[in-house]
Amino acid sequence: RHCDGFKIFLTLLSFSYVAKALAGIFMKISSTQIERRFEISSSLAGLIDGSFEIGNLFVIVFVSYFGSKLHRPKLIGIGCFLMGTGSILMALPHFFMGYYRYSKETNIDPSENSTSNLPNCLINQMLSLNRTPPEIIERGCVKESGSHMWIYVFMGNMLRGIGETPVVPLGISYIDDFAKEGHSSLYLGTVNAMGMTGLVFAFMLGSLFAKMYVDIGYVDLSTIRITPKDSRWVGAWWLGFLVSGIVSIISSIPFFFLPLNPNKPQKERKVSLFLHVLKTNDKRNQIANLTNRRKYITKNVTGFFQSLKSILTNPLYVIFVIFTLLHMSSYIASLTYIIKMVEQQYGWSASKTNFLLGVLALPAVAIGMFSGGYIIKKFKLSLVGLAKLAFCSATVHLLSQVLYFFLICESKSVAGLTLTYDGNSPVRSHVDVPLSYCNSECNCDESQWEPVCGNNGITYLSPCLAGCKSSSGNKEPIVFYNCSCVEVIGLQNKNYSAHLGECPRDDVCTRKSYVYFVIQVLDAFLCAVGLTSYSVLVIRIVQPELKALAIGFHSMIMRSLGGILVPIYFGALIDTTCMKWSTNSCGARGACRIYNSTYLGRAFFGLKVALLFPVLVLLTVFIFVVKKKFHGKDTKVSENERQVMDEANLEFLNDSEHFVPSAEEQ
């Protein structure tokens, strides 16, 4: 039956929404893991993250123009298949790179469960006699096979962006064409609600995978010395992409068996289009239509540039595009780097952060979006009212960033980076800190990163640089004794020991972390309330016939200048606050091991404040211009625009890349 065909399409589209939500969130929450696994900087990891938008921009025009004229279910099926293929391509490097070696700096084999492999002061003194000269190591160094494998993740994410492009716009247009009159909003709400469950599942699975060691199933986990809180820990990032890839490919198969039209379109305006398509099977009509189409295309191209000029010379629209770009850039940065920020500031693991985001922050955003829609409908906000609601949203977000400055934790006390090696004095710069008398005779490798925590509360870069002479052997937890650099602090109990791993954050910083997350959830809710107005503002400030173009151009700017560039320049800023970079066996720079958390917080939140302050200024100008242009006119939201807003809000939540609604989703 025709009706059953449409319901099957709804079910399959819901499943595809879950698949795309899984893949999108896995990319965001795996960014730090990918950075460590491939030994790359945050800016390069940001470029990989933005490759999704690059792929999307490649085909968005083609899909927008030709999508509705072709077999939409099959195009959606092809898109889901490409999404799945891209996700699996992203996971493939894991199977070709060999085991992850978290101690590359010292060539330690992570499968060896012995502290004899952890160079302490006495061992290094003996090894120095037989140490290979650096020039011989450099001469014989062969580039590691996995050094450029990140390119596959980049290409896979781009392919995923290409594949996801037709799913939402063609799915919505298909529902709009074949749903019963007045039922399309209900069906779209159902589909998007399923997409929301995909987001929640993604965060929960991401939390689980982040706790699993990257080489789970291949190595004896009892031999792994590091924990999920260690800055070298890499979770099973590839599992998320493998799962989402398989789900996407499975979801694609049934679409190829669906008909072009499940039933007769409900809207009479569509009938002529389908009759026209049937008539083009006649050869004579094809020839006549070819001539007419050329004239039509020429006319459309001229009209397109005239329309584009019209919206770009509209002051309200230009102001709207600029302030929404700045506002959304702040959110994109938060979503991309929140795990790194929380980890470096408060010492939380990625698993814990993913879990809390999934169960607290995401529902807060969802409730906020629907609350915003209710407020707009209840009070029948005018255009000025919508702009004021957006102003309140930006103000709350700006104030929250200012509050975060008071929640920044002091940088950890790390001998050799923030303190001298004897732990007595702070240093001006973390670069080339001279050795102290307590470890100068140990012949330590200063590039090594095998942190230990002294019982004086100071972290040392390695047991050797802490001046430790002995250890507890293989007994867990691993403890080092007779550490001369700990000794000079003057402890009364003469127990100059250190245990493996960085020192934990103090109680004050731990309390700040809870306050930070409470503010984060409240900020997400209150800002989501205000951001609801954007979906209506964009269609109210242009002429009705230019609505589609205005939304499309806005989406292109958000994706190109927001989705692509924001992770890159925020990543580059984060890189400047790194105090200790890893080095591979060839001596090349890898991923950052530890950041100056004070500078990191100030730089990150400072740039967000710099983005948000102009938003308030531009919104003030926007409100002034709206009042001047529409004074005395009825600018209240119509019933049709409320329906557009409802649908846009649902799509806004399901944009798993950066919560920015795309043009076609409107």
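Glycine is treated like the rest: Cβ placed from N, Cα and C.
Heads up, TrEMBL stuff is auto-annotated, nobody curated it.
Bear in mind that the values here come from a model prediction, so they are computed numbers and not experimental data.
Summarising the annotation, TrEMBL assigns transmembrane segment to 6-26 (among others).
Residues annotated as domain 'Major facilitator superfamily (MFS) profile' in TrEMBL: 9-629.
The transmembrane segment annotation in TrEMBL covers 47-68 (among others).
Using a Cβ-Cβ cut-off under 8 Å and counting only residues 6 or more beyond its ends in the same chain, the transmembrane segment (74-96) has close neighbours at 13, 16, 19-20, 23, 26-27, 37-38, 55, 63, 67, 145-146, 149-150, 152-153, 155-167, 170-171, 214, 237-239, 241-242, 244-256, 258. Taken from TrEMBL, the feature transmembrane segment covers 74-96 (among others).
Marked as transmembrane segment by TrEMBL: 193-214 (among others).
Among the features that TrEMBL reports, transmembrane segment is placed at 234-260 (among others).
Per TrEMBL, the feature transmembrane segment maps to 316-339 (among others). Sequence-distant contacts of the transmembrane segment (316-339) (same chain, six or more residues past either end, CB-CB distance under 8 Å): 28-29, 31-32, 42, 46, 49, 350, 353-354, 357, 393-394, 397, 401, 520, 527, 531, 534, 537-538, 541-542, 550, 553-554, 557-558, 561-563, 566-567, 570-571, 574, 604, 607-608, 611-612, 614-615, 618-619, 621-622, 625-626, 629, 658-660.
Per TrEMBL, the feature transmembrane segment maps to 355-376 (among others).
Look at TrEMBL and you will find 383-407 (among others) tagged as transmembrane segment.
Taken from TrEMBL, the feature domain 'Kazal-like' applies to 432-487.
Feature annotation from TrEMBL assigns transmembrane segment to 514-537 (among others). Same-chain neighbours of the transmembrane segment (514-537): 320, 324, 327, 331, 338, 342, 345-346, 356, 360-361, 364-369, 371-373, 375-376, 381, 383, 386-387, 389-394, 396-397, 400, 403-404, 407, 637, 641, 644-645, 648-649, 652, 661, 666, counting only residues six or more beyond its ends whose CB sits under 8 Å from a CB of the stretch.
Among the features that TrEMBL reports, transmembrane segment is placed at 549-570 (among others).
Taking Cβ pairs closer than 8 Å, the transmembrane segment (603-626) reaches residues 315-316, 319-320, 322-323, 326-327, 329-330, 333-334, 337, 341, 383-384, 387-388, 390-391, 394-395, 397-398, 401-402, 404-405, 408, 541, 570, 573-574, 576-577, 635 in its own chain, all 6 or more past its ends. Annotation source TrEMBL lists transmembrane segment at 603-626 (among others).
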> Over the domain 'Kazal-like' (432-487), what is the model's average pLDDT?
Replying inline: 85
>> Summarise the domain 'Kazal-like' (432-487) as counts of helix, strand and coil residues per DSSP.
In response: 4 helix, 10 strand, 42 coil
